[in-house]
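A short write-up of the structure that comes next.
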Amino acid sequence: MNNNQCMRKKLDELRNIARSYNISITGKKKQQLCDEIIDYQKNNPPRRSPSPRRSPSPRRISPECEQWLANKGINPRTGKAIKIGGPTYKKLEMECKEASPKIPSPVRQPSPVHSPVRSPVRQPSPVRFVEKTKGALNKMKKDQLIDFAQSLGLNPGKLLKPALVDLIFVNQKPPRRSPSPRRSPSPRRSPSPRRSPSPRPVFVEKTKGALNKMKKDQLIDLAQSLGLNPGKLLKPALVDLIFVNQKPVEPIRASSSSRSSRSTRRSSSTKPSRRSSSRSRRSSSRSRRSSSRSRRSSSRSRRSSRRSTSRSRSLSKRSIRNISTVGDLEDLVASNLPIAIPESLSRSLSPSRTDFHEAEIELGSDFDLNNLPENRIAELKQLNVLAKQNGFRMINVPLDGNCMFSVIGRAFNTSSSVIRQHTVDYLRRCKGSFDHIPANIDDPTINWNDYIDRLEEDACWGDNTALFAASLALNFQAHILQVAGGDEGSWIRFGVNETNMGRIVNMGYLDNFHYIALEPFSGRLDILSIPSTHSKCPPPEISNRRDEEIRRDEEVEDEVIGERIVREAEVIERELRQEEELTSIVSTKRSLRPSIPPKISTEHRRTPKLRPSVPRPSSIRQSQPNVAALARLETLTKIKDIIDALQRPLENKLSTLTNTEKAIMQCIGVA
């Protein structure tokens, strides 16, 4: 042991060594203990008795090489640390190899003492192979890693330690063993008739969050197990591909043609008569007709149920949806459903239409239809039919995660990175207007700062919020044609206002997959210019409530206002009735006075049965004062003041206002 090796050890280890050498350790520091231990080892070298069974092996290497092999990080000549893999390290390695070539040790023969009756010496059982984690590999030294790589049949070469760890971690598999010659393989047993084969594992569909947590290698294996071709897709595109198409691969069953051939063989073997064959044909044709009718009725019921239960029908009855405010964007993000189209357009897009070809789709060379799944190819062809019906042809952009920004940049004659930067700058400047909208529906823990930072990265997909922000930042309208619900299409327009009526960017959209540029057949549109000034932010005071809740609150407010008006009208009606009763009482009291004074006669005469010429005093009415008319005028002015005060909250509710006016007039008695 030299001084450097001694100083590298801990104080407790040195104290234990000193105790074994009977050296006192009280009050001594590390350097003093090292000096005494080294002196003791020099003066008292360890005595080793030669083994009687083995002759001492000749010394192969020099003491310097022994010290260097014991610790390859220290130069034995100078005692200083050296760099592993450096020039001094390589020089020492070459010297020690030349000075001491490796001599293979002779193989021991079994002892002749054993009798031939006994079984031969057993070889040690092979160590069970255990895959090591990356942390365990990092803790190993480089020499151990090199030996481990060679045992796995790998060529480490001159790789550094991190690359060597990755090489072993990826390729660590147990070596194949040849079958033992002593034991013949046992014959395969026939399956037991009592035990049925174990059922197949139940397929469980995974959510989008669970797919996002998986690694890309796991996603590729899952896609291949589902019969999909992942290709060179990025992780977001791979997640969407698996989420849309995750269905268990069904086993191949006998086709209808094979079944029919079997049935024909059976029928030919039985040889029925002509009458029975004609009857069977008639019954089969009838069954086919009934089955076709049942299929039609079931398809009609499915269509009707879809139309009645689908939320997209309740959202809008039109084929165009405008996204011009933050509230519209909030509804679009919350609904996350396609917009329905008129039935006339859906009839023209019947699924039986197959008269289009791949040559009609004008796509770039990078868009290979063979690498796409079948449902995406069908959706792409359907989008091509929709585009042609609307007077557009499809122009593809690269599938690199920047497709939305590339389509917009094509209209502005610039790159996708410029459009992305304008969008990110606008979102950072106007972040307060979008705070109430969730940044990510699948992962609510992501806040707006993380969302904007991710959106700034290259190959990050753009969503509805990014498209809305880009339309406001660059002052253009984004008209998007998409295939919604199989064979139905719809238009969605982002950023519609009066200032950008001529600045339109048309694009097609494959759901959760790709954006495609649309150009009219008449000619290419003019190239748009990027505005020099910053666009204004949307108003931040827009509430985060849905339109249905706002409409419900307005209806409740209208009902409360109408009830209050009816109560006030009833109070006014009661006052008018009381005033009319008072005026009628006053008028009747004044009319009790007779116009002709009666004559008093002492003689009792029988009254004649003639009708008097003078009318009765009770039937004579004097002219009443016009108090009720004045009261009506006062109440009408009061009602007019009430209507003027309530006119602003009821501007958009003309029907409610007219109904309340009619009720007021009926209560007053004017109508």
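Every residue gets a Cβ built from N, Cα and C, even glycine.
If you look up Swiss-Prot, you'll see D400, H514 marked as active site. The active site, nucleophile annotation in Swiss-Prot covers C403 and is backed by similarity to another entry. Among the features that Swiss-Prot reports, compositional bias 'Low complexity' is placed at 110-123, 255-271. What Swiss-Prot records for 182-200 is compositional bias 'Pro residues'. According to Swiss-Prot, the compositional bias 'Basic residues' annotation covers 272-319. Residues or ranges marked as domain 'OTU' by Swiss-Prot: 392-521. Residues or ranges marked as region 'Disordered' in Swiss-Prot: 36-62, 100-123, 171-203, 250-319, 589-625.
In sequence order, S406, A459 constitute the residues six or more apart from D400 (active site) in its chain with CB-CB distances below 8 Å. With a cut-off of 8 Å between CB atoms and residues at least 6 apart in sequence, the same chain places V397, H514, Y515, I516 near C403 (active site, nucleophile), listed in sequence order. With a 10 A radius on its CB, H514 (active site) counts 23 other CB atoms from all the protein chains.
Counted with DSSP, the domain 'OTU' (392-521) comes out as 50 helix, 33 strand, 47 coil. Per-residue confidence over the domain 'OTU' (392-521) averages 86 (mean pLDDT, predicted model).
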